[in-house]
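**Q** Attaching a single structure in structure tokens format; questions to follow.
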């Protein structure tokens, strides 16, 4: 009973970590990008200031909007919290709710969030909402086959689609970590990460209509609704980094017991790893140009080929 209570507390700390530090990672990446461009840039705490300001602003909703427009921010936010319960954010062992779903279940929750934002952006009938939702749908069509193949590759390596099993399989079998199929899966997932977080070469997070995707979908929101959507975006980036780092790239540094020291070390290690990947993402985002919209399929084709090669390599060599 005591262990269960400790596990429950760790579950709460895991959710609190994602809620508290996801804006920090976004602010850090933005700060690094500005420094690389020779600018001073905003503070890394700027996302917190933005959320505080939005939560204190008025909500303006068109009389033509339906309940979908009002529910979408809550669905997106709750979906991110549910994903937090499924993946190894701080612990190398599953927490009480860790077996509610596997990696495919997490992918479905990401898709559920995106689906509600899409239909909410279409709900008001504005031009920018339709523009953003149509572009996001095209990107989903191009990226989801690759995402499924990445999960298939992970399942072949770990003999399971549960992320906790995957990380423990890699830790206990180092030859799998250094296998060609594992590195190919890492490369394919990193390409998807750049695309899903609105980074170049797919997108630049600006309000220029020529390249607006995510910003166009939430352009009609204001006040606390917009704050929830922004926070959900920060959490999505954070959770994708957690999957990338704690399951695929470096599944070490997680808590292996219920002690507070293990919890503190796990949080510090996770933030440090995210800072390193954040610097790499910022360098990529500032050093290459954005692709034309009609060339997006070339980028996703490269990720698709990498995931296929990972599966073929594993089937041929057995690791």
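Note: Cβ is positioned from N, Cα and C throughout, glycine not excepted.
Any TrEMBL annotation is an automated prediction that lacks curation.
What you see is a predicted model, and the numbers here were worked out from it, not measured in a lab.
What TrEMBL lists as transmembrane segment is 12-30, 67-91, 97-117, 138-157, 177-195, 238-255, 261-284, 296-316.
Are these features on the surface or tucked inside, and what are their neighbours?
**A** Long-range contacts of the transmembrane segment (296-316) within its own chain (CB-CB distance under 8 A, at least 6 residues past either end) are made by residues 138-139, 142-143, 145-146, 149-150, 152-153, 156-157, 179-182, 184-185, 187-188, 191-192, 195, 201-202.
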**Q** May I ask for the residues of the chain that lie six or more residues beyond the transmembrane segment (12-30) and have a Cβ under 8 Å from a Cβ within it?
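**A** For the transmembrane segment (12-30), the sequence-distant neighbours (Cβ-Cβ under 8 Å, at least 6 residues beyond its ends) are 41-48, 51, 80-81, 84-85, 89-91, 95, 231, 233-235, 237-239, 241-242, 263, 267, 270-271, 274-275, 278, 281-282, 285.
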**Q** Six or more residues out from either end of the transmembrane segment (67-91), which same-chain residues have a Cβ under 8 Å from its Cβ atoms?
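**A** Long-range Cβ neighbours of the transmembrane segment (67-91): 10-11, 13-15, 17-19, 61, 97-98, 100-102, 105-106, 109-110, 112-113, 116-117, 119-120, 123-124, 163-164, 167, 220-221, 224-226, 228-229, 231-232, 235-236, 239, 242-243, 246-247, 251, 254-256, 263, 266-267, 270.
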**Q** In terms of Cβ proximity under 8 Å, which residues at least six beyond the ends of the transmembrane segment (138-157) contact it?
**A** 103-104, 107, 111, 114, 166, 169-170, 176, 179, 181-182, 184-185, 188-189, 191-192, 195-196, 202, 213, 247-248, 296-297, 300, 303-304, 307-308, 310-311, 314-315, 319
